[in-house]
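Encoded as structure tokens, the structure appears first; notes follow it.
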Amino acid sequence: MANSPGSNPISHGSSLGAPLLIPSKEPGWDSGPGSEPQKVCIDDMLQNYCGEFGYWQLKHFVLTSLAWALEAFHTMVMIFADRDPGWRCVGGLGCDEKESNVCGLEPGSWEWEGGPGSSTVAQWGLVCGQKYKVGLVQALFFGGCMIGAGVFGHLSDSKLGRKGSLTAVCILNAIFGCLTSLAPDYSTYLLLRFVTGFSTGGVGLCSFVLATEPVGPTKRGVAGMSTFYFFSTGIALLSGIAYIFPSWRALYVASSIPSILFLVLVVPFISESPRWYLVRGKMNEAMKIMRTIANANGHHLPDGVSLALDDEANDASNGNQIWKAATVEKEAISGSIVDVIRSPITRIRLFLAVGINFTCSVVYYGLSLNVVNLETNLYLTVLLNAVAEMPAFTITAVLLDKFGRKPLAIGTQWFSAIFCFMGSLTGNVGISKVIRMCCGLLGIFGMAGTYNLLFIYTAELFPTVVRNAALGSATQAAQMGAILAPFVVILGGGFPFLVFGVCGLIGGMLASYLPETLNKPLYDTMTGLEEGELA
């Protein structure tokens, strides 16, 4: 959700323009005799009075972004819990360890390595004709994510707020994750993974917006890109946790406990977004946070300065100086996905964002899950994939404000597509196996940069009042792509890489039709966006 310097100084949120000075007739805002009260937008207040990314924002950003590691635990745990643990002959006739699978072996002539409790596949015999059930449970998890993203995207924009929604999804994750470890049969396991997906779908969404909204416009891009380090770190940590807890039931408990710790040790020290307070009409709460930010950062927020929405600022810049009296508690401004679709500007943006998020997710989650087909050390490969993502975040963050969002969105997807196409042409024996693994690493390297960038890019395309709703819709589309990914992976061989390459190619083409948001203001209302874009 970055805004960078260089936008029109007349428009709201410009990082170069001076704070908007708008006379107010409200009593009590005078900063002193002869001084004139000021009403400024959040971006201007951060830049000129509070600090864009000081101690307060750093602390708040780190604490809030820890939730991304929780999402990684609950999402990627399926790689280890639903893995094929391998098998071995037990000395009976009709068993040959040279066979690629157990489908043609005599019952009782082989056994699972690690016993039936090592994974859900061994627990319930999800092999041969039952193999589709592995893809089904993973797909339903992402189906739950899709629904949860829409529900909590709306709730975080409306009644619950960003912090309230984040708290709710973490509570649900902790409960559902622990209950999953007790699943007595496959059907119960399927249901619990679905409801876990429902709550997980809101974690990253709420965390990202809450972490980046209090950050100033020139620092928001880099901050937004940095949130995904926590997700990748979570995946890397999960590979270690899975190695320590080889039983799938113990693994679900171990991957759920961090959600409980987050609720107890972190959530009490997180603040609600001042932007959410502002659009909900809670001016006192918004100003209280802004004063806290200023004080923590070693700055001073004058008593005669208060917040204003961007459409109010735009009215003032056009010569309309009329203000409602007593705006300390203003009427809440709300929006929904219907408003996004109704506006010609945001409608096109939404459709393109949905398409790009869908194709990107097919590739990202597909490559992550496809490690089971590479026939390499699972723990090491997952760790390498997680590590491969981190340089992509750094490079994209460095280039974000230099080349813009649009060129990077196109370039990273096509980079990933090239190596996915290469992976589809290589075999899975000897040196070819290593080459295919490297193609997978480079493919996820490129798409991780895209996946990271899309959160920022999508958030910048829509105003605060509908930002989480629009981001929720894009996230829902991403989850639809994630639903498809497990079924593509099950097909095995080079076909998954071919599908991932095509998706990366199409995603880059769709990104070419999006507007550039570099140096554009981060609008608060639909009116502010429409007036700003048409100015």
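Placement of Cβ uses the backbone N, Cα and C atoms for every residue, glycine included.
Here is what TrEMBL says about this protein:
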- 60-519: domain 'Major facilitator superfamily (MFS) profile' (DOMAIN)
- 135-153: transmembrane segment (TRANSMEM)
- 165-184: transmembrane segment (TRANSMEM)
- 190-210: transmembrane segment (TRANSMEM)
- 222-245: transmembrane segment (TRANSMEM)
- 251-270: transmembrane segment (TRANSMEM)
- 350-367: transmembrane segment (TRANSMEM)
- 379-400: transmembrane segment (TRANSMEM)
- 407-428: transmembrane segment (TRANSMEM)
- 434-457: transmembrane segment (TRANSMEM)
Checklist entry - Who are the long-range neighbours of the transmembrane segment (190-210) in its own chain, taking Cβ under 8 Å and residues 6 or more past its ends? => result 1, 64-65, 67-68, 70-71, 74-75, 78, 136-138, 140-153, 155-156, 162-163, 165-166, 168-170, 172-173, 176-177, 179-180, 183, 224, 227, 231, 270, 272-273, 455, 459, 467-468, 471-472, 475-476, 479
Checklist entry - Counting only residues 6+ away from its ends, which parts of the chain sit with a Cβ under 8 Å from the transmembrane segment (434-457)? => result 1-2, 204, 208, 212, 220-221, 224-225, 227-228, 232, 353, 356-357, 360-361, 363-364, 367-368, 370-371, 374, 376, 381, 384-385, 388-389, 391-393, 395-396, 400, 405, 408-409, 412-417, 419-420, 422-423, 426-428, 471, 474, 497, 500, 504, 507, 514, 517
Item to check | Intrachain residues whose Cβ lies under 8 Å of the transmembrane segment (222-245), provided they are six or more past its termini | outcome: 1-2, 53, 57, 61, 65-73, 76-77, 79-80, 204, 207-208, 211-212, 215, 251, 254-255, 368, 379-380, 382-383, 385-387, 389-390, 393, 396-397, 400-401, 448, 451-453, 455-456, 459
Item to check | For the transmembrane segment (379-400), sequence-distant contacts whose Cβ falls under 8 Å of one of its Cβ atoms, 6 or more beyond its ends | outcome: 2, 76, 79-80, 221-222, 225-226, 228-229, 231-233, 235-236, 238-240, 242-243, 367-368, 371, 408, 412, 437, 440-442, 444-446, 448-449, 452-453, 456
